[in-house]
Amino acid sequence: MSAPSSAPSAPAENAATEHDFLVPDAGQRPPGPTPSQSRFQVDLVAEAAGASDDKSPSSDASATATEGPSTDPGVGSEEAKGRFRVVNFADPSGAGSPASPEAAPAEGLQNGDTVMSETSLHSSTGGQHHYHYDTHTNTYYLRTFGHNTIDAVPNIDFYRQTAAPLGEKLIRPTLSELHDELDKEPFEDGFANGDELTPAEEAAAKEAAESKGVVKFGWIKGVLVRCMLNIWGVMLFIRMSWIVGQAGIALSCLIVAMATVVTTITGLSTSAIATNGFVRGGGAYYLISRSLGPEFGGSIGLIFAFANAVAVAMYVVGFAETVVELLNGVDAIMTDETNDIRIIGTITVILLLGISVAGMEWEAKAQIFLLIVLITAIINYFIGTFISVKSKESAGFFGYDGSIMWENMGPDFRGETFFSVFAIFFPAATGILAGANISGDLADPQLAIPRGTLLAIVITGIVYLGVAVSTGSCIVRDASGNMNDTVSSQFMMNCTDAACKFGYDFSTCKGEKPGCRYGLQNDFQVMSLVSGFGPIITAGIFSATLSSALASLVSAPKVFQALCKDNIYPGLQMFAKGYGKNNEPLRGYILTFGIALAFILIAELNTIAPIISNFFLASYALINFSVFHASLANSPGWRPSFKYYNMWVSLAGAILCCVVMFVINWAAALLTNVIVLGLYIYVSYKKPDVNWGSSTQALTYHQALTHTLHLSGVEDHIKNFRPQCLVMTGYPTSRPALLDLVHSFTKNVGLMICGHIRTGYRRPNFKDLATDQSRYQRWLLKNETKAFYTPVFAEDLRQGSQYLLQAAGLGRLKPNTLVMGFKNDWRDGDMMNVETYISMIHDAFDFQFGSVILRLKEGLDVSHIQGQDELLSSQEKTPGMKDVIVSIDTSKDSDADSSKPSSKATSLQNSPAIQKDDDDDGKATTQPLLKKDKKSPTVPLNVSDQRLLEASQQFQKKQGKGTVDVWWLFDDGGLTLLIPYLLTNKKRWKDCKIRVFIGGKINRIDHDRRAMATLLSKFRIDFSDITVLGDINTKPKKEHVAAFEEMIEPYRLKEDDMEQEAAERLKNSEPWRITDNELELYRAKTNRQIRLNELLKEHSSTANLIVISLPLARKGAVSSALYMAWLEALSKDLPPTLLVRGNHQSVLTFYS
């Protein structure tokens, strides 16, 4: 995409983004000044590149706008370039074409359908921010506090993640647009950190754009009604009286209170999460996933949706059983009881599906009708308790009486325990999330969820307690139903039951034979008996079951749809699609219907009910834990507007939920935990590419900060020494061998920082640096390299290395070892580069760092090889940018690409590697880095490049049986020995044996070998062999000395052949030159390097890796050319070689 020639001021890269996100909304700006009053206008620059997508007439208008010399001097003088263009406003009747800054104002508005909408926003300070928006030309006219500026006042639209319900997302002017010089292009736009849109949010943007006419519910219709219907299940009418009979009034009230405590704490936690920011559809799943992250959210979302689907079956079977009982009463059974339940259940669930698919509006109307029936039934029961009827007395109902209440106060468990009765009641208290589950259909979820949920818990709790007390106060536990079981006067003395007072003797019921069918203990339908009009209670049972089934049938697909939209489980993407203006999940409804039907056909749900309760409780536990976790993480983003929560209460609620799970059914609880854990592990392993700012991230940061500070307060100890490496890799992709080898011994052991020094011919683009930083860090993570990428801008290479040596790291997590590549091309380029390179080694020693240099004879830098990595192609380099890379090895090394011209269209931001992908949310930007560009022609590699590519990958392979030869010639504190030991502990290197080579005297070889063996055994380092080199001081071969002399010849000063002043001038201008005096002074050291190379070729030519002590050169005494020549002579024509020198402080100890 390249910028059109008529619009040089606007970067082409912005065009698409601006077009998508910066189209102003005509409906949101209040009436303000007319164009003639507004002296300045800010144009939204709509480029030709973005105009192809533009469906509005403005794209045609902008393309055909009049071009010609400007008649107004103000129009030509621009105040800013880029996305906003500020020009003097000239003609109220027209505007310049956005596509052409030089265009003269149009003669007038030509289009008859152009709409003008004007608005103003008043700030509390009395200042005004005036907008005038003209749909014909995409233009804002701004005036802030009477001052003409593009600086914007605070506005809610800047903080939206997606399109607003009534318009588009606005983007505030970037810092670059306000701060950069006017002749400079502003930086390319991106989202601020954390503002990237996830696929779900992009979908929400589309939904928001199409949201006209969508049905949204208030807190009563949307939350209160739903929660009350779901909580008042079938238990209220057919189990509550039995619970009172078993547990007594006191313990029944305790059971209700315990269940209400659990649900109230969860309700408070739900309210806290729901008011901590905008809530979208997905209910419990959305709340948990956005708070605790995708791992917990994904596992709970799946089982919560499944539990809701099975709950549909449970409620429908409850309804069908009641119908079958009625049919049984009039001998109208169709086949047998079980099959009748299946038939009625199937018909019912098909009807419910029809209501749901008809849309949320119909479903809400059905719910309100069912609630009216249910409330009528409850009122009918309470009225009935006050009307004592003689005919009902034989069935145990005598009206309110103190003696009956006292008799029923204590428990009378028959085959049950307190916890088993609690387990039967608890499912009646669930359903508090029915409102939250349709959060996407609520007008204001932040207000509706807390208010509706908590009020529903209070109302339903009071009704449950009222029913418990009233049934226990007016009905006896056992009654025969026989009118003749009256007490004769002579037996009155022996009768102690409360019924005796009313002239009935039900003592026969307490015998061994289960003879009685009435009373609290025996008759599930006792509330129908008590009520004023029995059939209304039956209608209430129908209402309770059907409404709960309907709520679950709506909740399950909504939660499942939200889960699928986030693409946490890749195979379920098809269920994310919504239909109609309400985005109804029709596919989810069909799936839920299928699951419900399968369980209805079982027709026996006593085994499944506890699992459902456990699934609900698991999600309650996690909602409570979310609030505790978010409070503990102390993230600034955790600031719910609902204040009535406490982190410790939430933790207690989470523990309570877990306890209740095991109380209800320990086997089901165990199964639930296994399923949640399994799904958690799966999602953790898959690592979905989402970033929701979860409290898990916040807590990780909090802990990392705490531990880093704690670590800083403790002095380092030799036993805990770790090589913490600053590796000069340049781009992490350009030196794979260096990266792989260092990662082999730092992985899970020490810190690794990939340093990259960038120097430029022009002012540095820090935005590029930040973009690169995040991009390459992602690349490292993708490649499972445990390292940090740290780029810096600097005047030159040495200054950059000093920045990194001083500033890289944090507290104790600071590097202590500098790792570089060997400069293979040192004789080909400018010798000042060698001066800089050697100075970096000196700087490392000055900062008390150890130094490590890796040399491969093929070289290290693969960035010039086409197709090896699209990242380093010329189109990605910023114009004028020079990437000075430290480990310089061949003539291709330093700047393969910097000299190539790079147009704005192919600059870093617009490269294929990081082009924002609409579907992938811009997060998958690292993936193209790992693929070859299919369109680019592949050039066959020459032989040297082929070898280089193979050599660069040699440390990625398993090393096999070989040796790591350690030439520990000088004691540097033990780093030369520690690195090979750490290396051979890794899986790739574990088959390699360590061989140790040391210098010694011919007459003391055995003594030296034994001394070294003792030292190594004390260090507990395994070795296969120790070689003492007695002939280390023998003179090297003459041809090798001659070759060395020939190599350094061009770099000698030869001061004896010129005047002293001329020699000094030359030495000052070229400090790297070797003086005759210096050469003579260090003759013995030179010979030793040449001799060592001979010995290395003799002993270690087949080693997998050579680790040898790095020779030291005294600063200021040895010129950089001589030092470089020593390193060259020592390490040439060898297998991979690591030159190592610690900082001469012990890194090994044999003390415990």
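Cβ atoms are placed via backbone N, Cα and C, with glycine included.
Automatic, uncurated: that is what TrEMBL annotation is.
The shown structure was predicted, so the numbers you read here are calculated from the model rather than taken from an experiment.
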Check each of the ranges 418-440, 1108-1130 against TrEMBL and return the one annotated as transmembrane segment.
418-440
What average pLDDT is reported by the model for the domain 'Amino acid permease/ SLC12A' (222-726)?
84
Hey, which of 219-238, 341-360, 418-440, 586-605, 611-632 has the most Cβ-Cβ pairs under 8 Å against the transmembrane segment (452-476)?
219-238
Under an 8 Å Cβ to Cβ limit, what residues of the same chain, 6 or more beyond the ends of the transmembrane segment (586-605), are close to it?
306, 308-310, 312-314, 316-317, 320, 338, 341-342, 345-346, 349-350, 353, 356-357, 553, 556-558, 560-561, 564, 574-575, 577-579
Check the transmembrane segment (250-279) against each of 219-238, 341-360, 366-389, 418-440 and return whichever range has the most CB pairs under 8 Å.
418-440
Any residues 6+ beyond the ends of the transmembrane segment (418-440) with a Cβ under 8 Å from its own?
217, 222-224, 226-227, 229-233, 235-236, 239-240, 243, 246-247, 251, 255-256, 258-260, 262-263, 266-267, 270, 274, 279-284, 286-287, 308, 360, 411, 448-449, 452-453, 456-457, 460, 464, 548, 551, 554-555, 558-559, 562, 583, 609-610, 612-613, 616-617, 619, 660, 663-665
Would you mind listing the long-range same-chain contacts of the transmembrane segment (366-389), meaning Cβ under 8 Å and 6+ residues beyond its ends?
221, 225-226, 228-229, 232, 236-237, 355, 397-400, 463, 466-467, 470, 474, 527, 530-533, 536-537, 539-544, 546-547, 550-551
